[in-house]
C-alpha cells in the first residue's frame with residue numbers, strides 16, 4: 001500500500017509582479033491547506049488571493065480523508081503485484097522455501113510445521129523439465145526458486161495463476177485506506193501548526209517543517225495500522241496449503257499470528273503476547289520515518305523546479321504533471337535508500353519462531369541479513385520495491401490533490 005512508503009503534495013501558489021519578470025516560487029507557497037486554485041480558467045491563485053480568502057477556502061478534514069482514501073485505493077489495487085513480487089524475493093532470501101512438497105527440499109519445509117501454507121505447485125504441462133511423481137507432473141526444485149523480478153512474475157502466473165499477483169489486495173486496501181487516511185490529513189494538521197510555531201519562534205528552521213510533520217504523521221499511521229500490515233505481508237509471502245482451497249483472509253491471518261504466541265495463563269503474559277501483533281513495528285518505523293524524510297526533502301526541490309519551468313502558464317494539467325513527476329522521482333529515491341530496512345521488516349514479520357521474533361531487533365536483523373547475503377541481501381527486492389514506490393507516491397500525491405480540488409470546487413459552487 002504498502003511497502004507503501006507514502007507522500008503528499010500541494011497546489012502551488014505563485015506570486016507574480018506587474019512587470020514581465022520571471023515567476024518566483026517561494027518555499028512558503030508549497031502548502032496543502034493554503035494552496036487553492038483560481039476557479040476561473042484553472043489558473044494559479046496568487047499569494048495575496050490565498051491570504052485574503054484563506055478561512056473560506058480551507059479544505060475540511062472529512063474532504064481530506066476522502067481524498068486520501070481514494071488515492072490509497074487506486075494505488076493499492078494498481079501496484080499490488082509488485083508488492084507481492086518484492087515480498088516473495090525477500091522471504092526467499094530469509095530462508096522460506098517455495099519448492100514443491102514432493103521435492104527434495106521437504107526437509108527444510110518441515111521446519112515450518114504442518115500448518116505452513118504451501119500450494120500444490122505444478123508447472124505448466126508444456127514445461128520440458130517436468131518429471132512425474134505418481135500421477136502428478138511436477139518440476140525439479142529449481143523451477144520453484146525465484147531468480148529475479150521477472151522470474152517471480154512468470155512463475156507465480158504459471159504455477160499459481162494470474163490472480164495470485166493480487167494476493168493480499170484486500171489486506172492492502174484495509175491497510176492503505178486508514179494508513180493514508182490518517183497520514184495525509186494529520187500531515188496537514190501537523191505542518192500547519194509547526195509552520196506557525198517556526199515562524200514565531202525559529203524562522204530559520206521553517207524548511208524542516210515538512211520533514212518533521214511527515215515523520216510524526218507517518219509514525220502515528222504506522223502504529224495504528226501495523227497489525228493489518230503484518231497480516232498482508234504474511235498473506236503475500238505464504239502459499240496455500242492445498243490447491244483449490246481458499247486461503248485465509250485478513251482476520252484469520254491475524255488470528256493465526258496471535259495464536260502462535262497465545263500460550264499465556266495469566267494477565268501479564270497475555271498482555272505480553274499482544275506484542276506479537278506489532279512484531280517488526282520497530283523495523284517498520286525505522287524504514288518509514290527515513291523514507292518520509294528523504295521523500296519530502298527530494299520532492300519539494302523537484303516540484304519547485306518543474307513548476308518554475310512552467311511559469312505563468314501552469315494550469316491544472318501542469319500542476320498534476322509536476323506533482324506526479326516529483327512524487328515518482330522522490331518515491332523511487334527514498335525506496336532505494338531504505339530498502340535494507342524493508343528487508344529487515346519483512347524478515348521479522350515472516351519469522352515463525354514466536355520467541356525469536358519478539359527478541360529480534362532491527363539492528364540484529366540487519367546484521368543477520370548482511371551475514372547471510374552481504375550487500376545483495378540488504379538490497380534484495382529493490383527492483384520491484386522501487387518500481388512500486390515511485391508510481392505509488394506519484395499516484396497518491398497527485399490524486400489526493402486533484403480530488404481535494406474537485407471537492408473544493410463542488411463545495412464552492
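Cβ coordinates come from backbone N, Cα and C, glycine included.
For 59-193, the entry in Swiss-Prot reads repeat 'Solcar 1'. Across the repeat 'Solcar 1' (59-193), the prediction's mean pLDDT works out to 70.
What Swiss-Prot records for 205-305 is repeat 'Solcar 2'.
Under the heading repeat 'Solcar 3', Swiss-Prot lists 318-406.
The annotation transmembrane segment is assigned in Swiss-Prot to 65-85 (among others) on the grounds of sequence analysis.
According to Swiss-Prot, the feature transmembrane segment maps to 170-190 (among others), an assignment based on sequence analysis.
Residues or ranges marked as transmembrane segment in Swiss-Prot (evidence: sequence analysis): 204-226 (among others). Sequence-distant contacts of the transmembrane segment (204-226) (same chain, six or more residues past either end, CB-CB distance under 8 Å): 6-7, 27-28, 30, 175, 178-180, 182-184, 186-187, 190-191, 194-195, 198, 277-278, 281, 284-285, 288-289, 291-293, 295-297, 300.
Under the heading transmembrane segment, Swiss-Prot lists 284-304 (among others), citing sequence analysis as support.
Feature annotation from Swiss-Prot assigns transmembrane segment to 316-336 (among others); the stated evidence is sequence analysis.
For 378-399 (among others), the entry in Swiss-Prot reads transmembrane segment.
The DSSP breakdown of the repeat 'Solcar 3' (318-406) into helical (H, G, I), extended (E, B) and coil residues amounts to 79 helix, 0 strand, 10 coil. Remote same-chain residues near the transmembrane segment (65-85) are listed as 1-4, 8, 149, 152-153, 156, 164-169, 172-173, 175-177, 179-181, 183-185, 236, 381, 384-385, 387-388, 391-392, 395-397, 399-401, 403-404, 407 (criterion: CB distance under 8 Å, separation of at least six residues from the stretch ends).
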